[in-house]
Amino acid sequence: MTLAELIPTLGGSLRGHLEPGIWPRSTAHGVDGDLLLGGVPLTQLAARFGTPAYLLDELTVRQHCRDYRSALPDVEIAYAGKSMINRGVLRWIAEEGLSLDVCSAGELAVARAVAFPASRIIFHGNVKTPEDLKAAVAYGVDRIVVDSLDEIEQLGALARYPQNVLIRVTPGVDGHTHRAIATGVEDQKFGFSLASGAAAEAVGRVLAQPSLRLVGLHCHIGSQISRVASFEEAARRMVAFMAALHVQYGISLPQLDLGGGHAVPYRCGDPSFDLHGYADRILRAVNFECSSHQLPLPRLTIEPGRAIIAAAGITLYRVVTVKHGVSRTFVAVDGGMSDNPRPSLYGARYSVRPVGRHFSAISRSATVVGRHCEAGDIVAEDVPLPSDLRAGDLLAVPCTGAYHHSLASNYNMVGRPPVVSVRDGSAHLLIRRETEDDLLSRDLG
Ligand SMILES: Cc1ncc(COP(=O)(O)O)c(C=O)c1O
């Protein structure tokens, strides 16, 4: 709970304050209650691109890439494209020297459209359709992360030697995150279990495929994880498994991919991820385990998505109506679960800030709701908002760069918002707003 939630009368004075860590780095105060992003006033962006709109601060994305590269200079950093993918973002990622993780032929098509180097692409997915596998092989992606015995056979038949392969292992580590995004624990759909022996069997199957070259192992224990100890434990188990494979098959695997999942704070006071602590503990753990098992050090890869792009984004909404319920005030906006399903999927909580004019009234707790036909269509629950907020006002919701546009839907036939990047005082449309013609173009009557 924020201070303003605890003491509503403080809301007015705290409104001048931008909570650190959850707003894009270029966010600044403008005139008359406005905010600037990349030097552009949010009111101007709303007028030019309409609302709702996803805004993206290019400099924040680039800075996060640089933060990762400098914290882990010898580790391959692969951006997880599922968090937010479009040509503009992939160009920045490529220019910053990151690799790319894709998990479908569609995501690969975006990478292909910007000629993202195949040598820096890793192809994932617990279900890869024949079309996915064909697209991955045709583009010559460097690594395919196999996830089932069926896939090993299918890929073996399709690929030409040497198709580099990683095996996705479920290390049995709890990342202490939401159930829906915990992928390191046993008994679920991702990867091959370490404990059951399935992972060792998968290694044998890959080695038996003449077209495949096993180059390493992969694990991803989940998303929005702030406990570095969970990543460290996964790394230890993976190296111990590499040592066991050395004994069983006489192989030394040269690569270890530890996945992504690094947490970001969505609201002031949320736990943040200690990147330098992570770098230190992971490298120590891998060095220690390798030397105690007398294994050569593998090349490490990590795959952050959210940590690169979440805090670069702001969603801008316009208030359509303010309604007073029996015990709550509802502020209804022109978007909702179609542009951000995270509150209904994971109970995600957000901070909200009114922009574009001075609000002098005290703050009261309000629930920001969307336009969709579900009671669970909530943008932000129980947030302090000025009591003089009214229809037509603008609301900015920070930390919406990751898993917002990529999870968006057309529920209620609402077109998806545009993605607008800003930098150095100018704005650029990366993805235009979806129109009614777009929506009807797939309906063949
Ligand atoms: C295999 C894999 N790598 C990386 C990621 C990125 O996770 P995050 O965006 O939480 O860093 C995911 C997310 O689901 C994933 O499945």
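Numbers here mean position along the shown chain, with the first residue as 1.
Glycine is treated like the rest: Cβ placed from N, Cα and C.
Unlike curated entries, TrEMBL annotations are predicted automatically.
When TrEMBL records Arg306, Arg342, Tyr346, Glu374 as binding substrate, the matching candidate from Tyr249, Tyr278, Tyr403 it lists for that site is Tyr403. Residues Glu303, Pro304, Gly305, Arg306, Tyr403 are recorded by TrEMBL as pyridoxal 5'-phosphate binders, and the candidate that the same record lists for that site, out of Gly250, Gly261, Gly356, is Gly261. Checked against ligand 1, the binding-site residues Glu303, Gly305, Arg306, Arg342, Tyr403 give Glu303, Gly305, Arg306 in sequence order as having a Cβ less than 6 Å away from one of its atoms.
Restricting the binding-site residues Gly261, Glu303, Gly305, Arg306, Tyr346, Tyr403 to those with a CA within 10 Å of the CA of Lys82 (N6-(pyridoxal phosphate)lysine) leaves Gly305, Arg306, Tyr403, listed by sequence position. Same-chain residues that are not part of Gly261, Glu303, Pro304, Gly305, Arg306, Tyr403 yet have a Cβ within 8 Å of the Cβ center of the pyridoxal 5'-phosphate site turn out to be Ala80, Lys82, Ser83, Ser223, Gly260, His262, Ala307, Ile308, Ala402.
Reduced to three states, the DSSP call for Lys82 (N6-(pyridoxal phosphate)lysine) is helix. Listed in sequence order, Ala78, Tyr79, Ala80, Asp101, Ile122, His220, Asp257, Leu258, Gly259, Gly260 are the same-chain residues six or more apart from Glu303 (pyridoxal 5'-phosphate binding site) with CB atoms under 8 A from its CB.
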